[in-house]
Amino acid sequence: MNSLVRRKQVDSVHLIKNDGPHQLAKKLSAVDLVAIGVGTTIGAGVYILVGTVAREHTGPALAVSFFIAGVAAALSACCYAELASRCPSAGSAYHYAYICLGEGIAWLVGWALVLDYTIGGSAIARGITPNLASFFGGLDNLPVFLARQTIPGVGIVVDPCAALLIMIVTILLCFGIKESSTVQAIVTSVNVCTLVFIIVVGGYLACKTGWVGYDLPSGYFPFGLNGILAGSAVVFFSYIGFDTVTSTAEEVKNPQRDLPLGIGIALLICCILYMLLSVVIVGLVPYYSLNPDTPISSAFGDSGMQWAAYILTTGAITALCASLLGSLLAQPRIFMAMARDGLLPAFFSEISPRTQVPVKSTIAIGVLAAALAFFMDVAQLSEMVSVGTLMAFTAVAVCVLVLRYVPPDGVPLSSSSQTLSDTDESRAETENFLVDAIESSDSPLLGNETARDEKYFGKRRKIAAWSIALVCIGVLGLASAASAERLPSFPRFTICGVSAVILLGSLITLGYIDEDEERHNFGHKGGFLCPFVPYLPVLCILINTYLIINIGAGTWIRVLIWLLIGSMIYIFYGRSHSLLNNAVYVPTMTCTRKTTDHLA
């Protein structure tokens with residue numbers, strides 16, 4: 001069990017000499033990060049989502065749902081921004097969980113992100129084929145080498161176009177991060193220009209017709225507050241993608257400044273575009289007249305602009321290509337981070353000295369994603385994508401609480417660790433670390449006052465740790481009971497009440513006690529700080545947990561099977577190959593001082 005809770009050093013990545021050709025190249029600026037964030041977030045789903053949500057949940061108030069969902073996504077973005085600037089690593093949420101929550105949860109988070117990036121990338125590639133076919137007059141008119149074919153006898157529909165697109169993107173990613181980000185910026189610009197075209201031209205047409213979509217007897221809120229909130233839960237998933245930015249952290253020139261900027265600006269741009277698009281589309285035609293499959297194309301067609309369908313299709317294709325590029329960009333870097341920690345084979349951690357990207361990992365992920373897109377109809381697996389991302393969002397919010405109230409107070413040192421090489425000198429310094437740690441705690445010069453302070457801080461850390469654990473328990477109980485509509489009223493409201501008391505009591509406790517002073521020594525300084533702690537992270541945990549619980553039972557069964565497979569890999573490989581095996585933990589301040597001297 002100790003292996004599940006062992007935590008690695010926050011700066012283990014940065015203590016490696018990072019100026020050689022075998023490290024990731026620092027070439028990205030804030031502008032590059034914004035392009036990656038916007039491109040990965042704005043998928044083609046928004047071209048369909050507006051019609052479905054407006055018809056079934058919100059009516060003309062669709063923009064309000066997008067705003068609420070944007071605020072909810074911003075909560076997670078704030079948590080990501082703090083951790084990304086404090087401990088920039090290609091591992092993203094996996095890395096944050098490893099240094100705050102332990103190896104076991106970190107592995108599950110990293111394994112769950114495979115759902116988001118690899119399976120999600122395959123689903124995206126499959127979605128490009130029908131959009132591309134519209135330029136050829138339909139799927140049946142595609143060239144033979146691109147057309148979908150059914151394998152006789154087994155009924156499997158293969159999609160060579162999707163597989164080919166994935167391999168093209170994989171080759172592009174192998175050329176280097178700057179080349180990939182440049183292409184991402186170009187493709188994203190085309191997509192954004194398409195959305196601006198829809199907003200401007202659609203707004204002009206709506207002005208000519210008098211914004212008929214808002215002049216309805218049912219008013220602006222035909223489905224009431226419940227409809228607005230239900231719509232927000234659906235459109236929240238259109239904001240997923242900004243977290244891809246954090247997987248490029250080791251390739252950013254100034255991560256403390258640019259990572260928070262990239263995350264925040266990307267999310268703001270997406271929110272503004274979504275809201276303006278919603279205002280125009282539901283104003284152009286009555287919400288009940290929107291085509292649920294092609295709402296924007298149909299709205300323009302009803303206004304006599306059938307030719308606009310080609311522009312919209314171009315936008316959908318570029319949106320999918322940008323999302324695909326972002327997915328295949330992030331996954332190899334997360335696997336690279338896991339391999340550097342010993343949890344995956346070292347093959348995934350190798351970096352090309354010429355292009356300074358994890359070429360082998362990128363090719364492996366590309367081949368896997370291409371095979372999935374070629375052979376499998378991943379539509380049934382697409383819902384699993386959201387689970388992986390929401391699990392990461394939740395873990396990151398918990399990490400912020402841990403960082404502020406119970407940051408790691410020990411640093412792992414061993415002959416196999418990443419921080420020191422296996423030499424006689426290194427072993428001698430490790431012994432000195434232990435001696436210094438013991439002497440610093442037993443020195444008579446510290447006196448009884450220091451002992452009392454240590455006792456107080458130790459008690460405060462225990463209270464904070466239990467409060468964070470009870471917050472998670474309260475959130476889980478409250479979200480579960482609130483979602484259990486088939487549960488009888490009495491037990492349902494009882495569980496809600498008890499869970500709410502646990503949640504509020506723990507939250508009040510966290511708000512009352514002081515944050516740990518060691519948080520100032522955690523990671524890099526001068527970056528973004530998440531505001532309104534502990535309230536903002538707890539609200540983030542509550543929202544994400546509610547969304548996770550409300551995902552269908554069939555999807556959850558598939559997710560649990562996937563996590564079980566990952567657990568087996570960890571038990572039989574990762575646990576025994578972890579670099580933290582037989583690690584010795586010493587006080588953070590002692591190690592920080594000695595490590596600094598060693599590096600100097």
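Note: Cβ is positioned from N, Cα and C throughout, glycine not excepted.
Annotation source Swiss-Prot lists topological domain 'Cytoplasmic' at 1-32 (among others). Note on the topological domain 'Cytoplasmic' (1-32): mean pLDDT across this stretch is 73.
The transmembrane segment annotation in Swiss-Prot covers 33-53 (among others) and is backed by sequence analysis.
According to Swiss-Prot, the topological domain 'Vacuolar' annotation covers 54-60 (among others).
Sequence-distant neighbours of the transmembrane segment (61-81) (same chain, 6+ residues past either end, Cβ-Cβ under 8 Å): 50, 53-54, 93, 220-221, 227-229, 231-236, 238-240, 242-243, 246, 259-260, 263-264, 267, 270-271, 274-276, 278-279, 281-282, 287, 393, 396-397, 399-400, 527-528, 530-531, 536-537, 539-540, 543-544. The transmembrane segment feature in Swiss-Prot is assigned to 61-81 (among others); the stated evidence is sequence analysis.
The topological domain 'Cytoplasmic' annotation in Swiss-Prot covers 82-92 (among others), and the record cites sequence analysis as its basis.
Beyond the transmembrane segment (93-115), the same-chain residues lying 6 or more positions past its ends with a Cβ under 8 Å from any Cβ of the stretch are 3-10, 13, 80, 83, 87, 243, 246, 330-331, 334, 337-338, 341, 343, 381, 384-385, 387-389, 391-393, 395-396, 398-399, 402-403, 407-408, 559, 562-563, 566-567, 569-570, 574-575, 578, 580. Annotation source Swiss-Prot lists transmembrane segment at 93-115 (among others), citing sequence analysis.
Listed as Cβ neighbours of the topological domain 'Vacuolar' (116-152) (distance under 8 Å, sequence separation of 6 or more from its ends, same chain) are residues 43-44, 158-166, 240, 309-310, 313, 316-317, 320-321, 323-324, 327-328, 330-331, 334, 365, 368-370, 372-373, 376-379, 381-382, 384-385, 388-389, 392. For 116-152 (among others), the entry in Swiss-Prot reads topological domain 'Vacuolar', with the evidence type sequence analysis.
Feature annotation from Swiss-Prot assigns transmembrane segment to 153-173 (among others).
According to Swiss-Prot, the feature topological domain 'Cytoplasmic' maps to 174-184 (among others). Residues 24-25, 27-28, 32, 35-36, 39, 248, 251, 322, 325-326, 329, 352, 355-357, 359, 362-363 of the same chain lie 6 or more positions beyond the ends of the topological domain 'Cytoplasmic' (174-184) yet place their CB under 8 Å from a CB of it.
Residues annotated as transmembrane segment in Swiss-Prot, with sequence analysis given as evidence: 185-205 (among others). Non-local neighbours of the transmembrane segment (185-205) in the same chain are 31-32, 35, 38-39, 42, 269, 273, 276-277, 280-281, 284, 296, 299-300, 303, 305, 308, 311-312, 314-315, 318-319, 321-322, 325; each lies 6+ residues outside the stretch with a CB under 8 Å from one of its CB atoms.
Annotation comment: Swiss-Prot describes 206-220 (among others) as topological domain 'Vacuolar', evidence class sequence analysis. DSSP assignment over the topological domain 'Vacuolar' (206-220) gives 7 helix, 0 strand, 8 coil.
Beyond its flanks by at least six residues, the transmembrane segment (221-241) meets 37, 40-43, 45-46, 49, 52-53, 57-62, 64-66, 68-70, 72-73, 116, 267, 270-271, 274, 287, 323, 326, 386, 389, 546-547, 550 of its own chain at Cβ-Cβ distances under 8 Å. Residues annotated as transmembrane segment in Swiss-Prot: 221-241 (among others).
Per Swiss-Prot, the feature topological domain 'Cytoplasmic' maps to 242-264 (among others); the stated evidence is sequence analysis. Each residue in the topological domain 'Cytoplasmic' (242-264) gets a DSSP state, and the totals come to 20 helix, 1 strand, 2 coil.
Per Swiss-Prot, the feature transmembrane segment maps to 265-285 (among others); the stated evidence is sequence analysis.
With DSSP states grouped into helix (H, G, I), strand (E, B) and coil, the topological domain 'Vacuolar' (286-308) comes out at 12 helix, 0 strand, 11 coil. Taken from Swiss-Prot, the feature topological domain 'Vacuolar' covers 286-308 (among others), and the record attributes it to sequence analysis.
With a threshold of 8 Å between CB atoms, the same-chain residues lying at least 6 positions outside the topological domain 'Cytoplasmic' (330-360) that come near it are 8, 13, 21-25, 40, 89-92, 94-95, 98, 103, 107, 110, 113-114, 117-118, 121, 173-177, 244, 247-248, 250, 418, 570, 573-574, 577-581. What Swiss-Prot records for 330-360 (among others) is topological domain 'Cytoplasmic', and it gives sequence analysis as the kind of evidence.
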Proximity of the transmembrane segment (265-285) to the transmembrane segment (33-53), 3+ C-beta pairs under 8 angstroms: yes
Residues in the topological domain 'Cytoplasmic' (330-360) grouped by DSSP into helix, strand and remaining coil: 17 helix, 0 strand, 14 coil
Recorded stretch that, among 33-53, 383-403, 463-483, has the most CB pairs under 8 Å to the transmembrane segment (551-571): 383-403
Beyond the flanks of the transmembrane segment (33-53) by 6 or more, those residues with Cβ under 8 Å of it: 62, 65, 124, 127, 131, 181, 184-185, 187-189, 191-192, 195, 231, 234-235, 237-242, 244-245, 248, 252, 258-259, 261-263, 265-267, 269-270, 273-274, 277-278, 281-282, 290-296, 298, 312, 315-317, 319-320, 322-323, 325-327, 329-330
Secondary structure content, the topological domain 'Cytoplasmic' (174-184) (per DSSP, counts of residues): 9 helix, 0 strand, 2 coil
DSSP helix/strand/coil residue counts for the topological domain 'Vacuolar' (116-152): 24 helix, 2 strand, 11 coil
